[in-house]
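> My structure is below; once you've seen it, I'll send some questions.
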Amino acid sequence: MVGQATQALKMKQEYLGMVLPITITSIWWWSCLIRGVDASPQINLLNKGCSQYNATNLPDFYTNLNATFSDLKTLLNKNSTHFATAQQARGSDPVYAMVQCRNYLSAADCAACFAAAVSQIRNCSAANGARVIYDGCFLRYESAGFFDQTTLPGNVGLCSNKTASQATAFSAAAGKLLVDLQLATPKINGFFAATKNEVVSSGSGNETVYGVAQCAETISKTGCQDCLNVAYANLQSCLPDTDGRAVDAGCFLRYSSTSFFPDNQTTNIASFLKTGGNSRKKAIIIGVVVGGVGLLILIVGVLLYFKLSRKPEAARRGDILGATELQGPMNYKYKDLKSATKNFSEENKLGEGGFGDVYKGTLNNGKIVAVKKLAILQSDRAKANFVNEVKLISNVHHRNLIRLLGCCSKGPELLLIYEYMANNSLDRFIFGPKRGSLNWKQLNDIILGTARGLAYLHEEFHVCIIHRDIKTSNILLDDSFQPKIADFGLARLLPDDQTHLSTRFAGTLGYTAPEYAIHGQLSEKVDTYSYGVVVLEIVSGQKSSEIKSDAMGEFLLEKAWKLYENGKHVELVDPNLDPNEYKPEDLKKIIEIALMCTQPSAAQRPTMSEVIVLLKSTSSLENRALTRPVFVDSDKRVKGDTSTSTVSSTSNATVSVSQVSGR
C-alpha cells in the first residue's frame, strides 16, 4: 500500500504545487483530473534510426550504454523532470544520451515512454548511435557529443493524409497556430508551448486545431528558433491534412484537429508574442480554479475508478503495449481514385511493372499522387495479406524510399497511393530520351542514396524488408534528383500459388541474383546483387540484359568483368558523361564495388551498410580477390561461368577493400 501511495504521489508531482490532506484514492483521482482520464505515454512510433557503424569495443560499449540509460532513468524519477542528459566514457566507446518527454505528460507517463524507447532502441544492437522518436518522447544516443545539435538533413513532415473537412479555414487556423508556436517557444523558459486555435468558417459546427512545440533544453534560444523554422517549413506540405508532425535533432512541432494534451497545459502564447509574458502566473490561476471544482468531480472519479478497476489486467497492459503497434495508412475511396485518375485512362498512365500499372491522380484537394493498381487476384486471403503488408509499408519513412500515402481495398482492384515524383524513374535518364542530362555528381548521389535506402530496409527498420526487384525503373527521382526506391515490400504480397496475374517470379531477370532466380534462395544479398547491376548500368549507360553492338558483343556484366581484369575500368564509362566532371580513380572504385556486389556467392557480397562505407571512404584500402560475376538471362541460363548450377571460378584479379563493420 505504501508503494502505491508513493507511486501515486510521483504521478501528480508536476501538477500539484501543495500537499493535499486527502486519502490515497483521492490523490490518485486528483491526478487523473489534472492529467485527463485518457492520459497515456503516447508511444506511437514516429521515427527510428540506427547508425551504420558498430561500436569497436562491445564490452565497453554495452557497459557505457547500460550505465547511461540507468542515469537517465534516475534523473527523470529523482527530479520529476521531462528532460535529461547523461554520458559515460569508459574505455574506447563513450556513450552520450538524451531523453525528452513532452511537458504535458505526467511523471509516470514520461517514465513509461522512456522505458518503451529504451526497449525499442536496443534493437539497434551494437550500433554506436541510434534514435527513437515517439509522440510522447524521444531518446537518442551517440558516440560523440550532440547535445547542442539543432537540425539534421533529410527530415520531412509526417502527415496524416486525411484532409480536413473545412480545408481552407483549417489551413489558415493551423498556419497561424504554427507561426505563433514558432515565434513564442524560444522565448519560454524550458522551450515548451502548447496552444490551440479556433477554425473560423462559414460551415456548420465548431472545429479546433491544437499544437505543441518543444526544443531540447541544451540548445540555445537561437538554435531553438532555427530548428522550429525548419520544422515549420516541413509542416507546410502537410496542410490541409488534419495532423502533422515535424521532428528534428533539436525540436518537435505538431498540430492536430484532435486534442492530444490536457487543457490545463495550454500556454498563453499571446503574452509571449507581445511582452514575453508570464505563463507561471496563468498556471497558478488555472490551478486555483480547477481546485475549486476538484472535490465535486472527485465523486464522479471514484465511481469511474470502481468501473475501470474491473477491467482485466491484460487489457490494461494492452492500452500501453498496443500504442506501439503500427499505424495504418489512409484509406481512400475507390470512386475518388477513379475520378482522380480520369477512370485510369491511358493519358494518366505513368508506367507499368510486374506488380501493376501506375497512374497519375489529382485528388479533390488538388494534391497530385501516384496510384498503383496491383495485379493480384482478389481473395479473402489476398485482401488480408494486403491490409497487413500495407500497414507495415506505410510506417517506413526514409528520404530515399518512396512514401506510401494510403490504400484502397474496397473496390474491383487493390490500389496503393504513393507520393508523386514528377521526374519519374531513373531508367528514363539512363537509357531513355533524357539520357545524358544528369551530371556525374547527380549520378553519384543516386548511387549513394539508393544504397542508403536499401540499408534502411535491411538493417534499420524494425523488420527486415527484402525488395527482390531493384532496378532502374524502380528508382524514382524527386525534384532535386534524389533517389527514392519504389515497390519495396510488395513482393511479400505475392502468394505461393498462382494468384499473381503476371508472373510468380518476384524479380526481373538480368538484375536478379542466380541463387534466387534458380534455387529460390532469398536473403538481403539478393538486393545487394541487383544494386551492383544497377550501379554498372548507371556508370555505363547500358542495360544489363542487352548486348552492345560493339567489338566485344557481350552482356554488361561480362564486359565489365573483362575490362576490370585488364585494368581498363574507364572504358566502361558512358561516353555521354563529361570527363571533366569525374576522376577516373573514383569511377574505377565504384565499378569495383559494383563487381563486389555481383559476386556469385551471397556470403562474398557486402551488406548495404558496408557498401555505404566503401562509397564514402577515401582512405587507402587492402587487397581482396574478387570472383567472376554471374547472371541469369531471359532464358534462365546462367551466364559468366561454365556451370549452370554452381558458380565458383575465381579470378586472379584483386580489388582494394577496407575492413568495415556491419552497420
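Every residue, even glycine, has its Cβ placed from backbone N, Cα and C.
Automatic prediction, not curation, is the source of TrEMBL annotations.
Quick paste of what TrEMBL says about this protein:
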type	residues	note
TRANSMEM	15-34	transmembrane segment
DOMAIN	43-146	domain 'Gnk2-homologous'
DOMAIN	152-260	domain 'Gnk2-homologous'
TRANSMEM	283-306	transmembrane segment
BINDING	Lys373	ATP binding site
REGION	637-663	region 'Disordered'
> With DSSP as the yardstick, break the domain 'Gnk2-homologous' (43-146) down into helix, strand and coil residue counts.
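The composition, in the requested order, is 40 helix, 32 strand, 32 coil.
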> What is the average pLDDT across the domain 'Gnk2-homologous' (43-146)?
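92, rounded to a whole number.
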> Sort Lys373 (ATP binding site) into helix, strand or coil using the DSSP assignment.
strand
> Among all protein chains shown, how many Cβ atoms are found within 10 Å of the Cβ of Lys373 (ATP binding site), not counting that one?
21
> Per DSSP, what is the residue tally for the domain 'Gnk2-homologous' (152-260) in helix, strand and coil?
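The domain 'Gnk2-homologous' (152-260) comes out at 36 helix, 32 strand, 41 coil.
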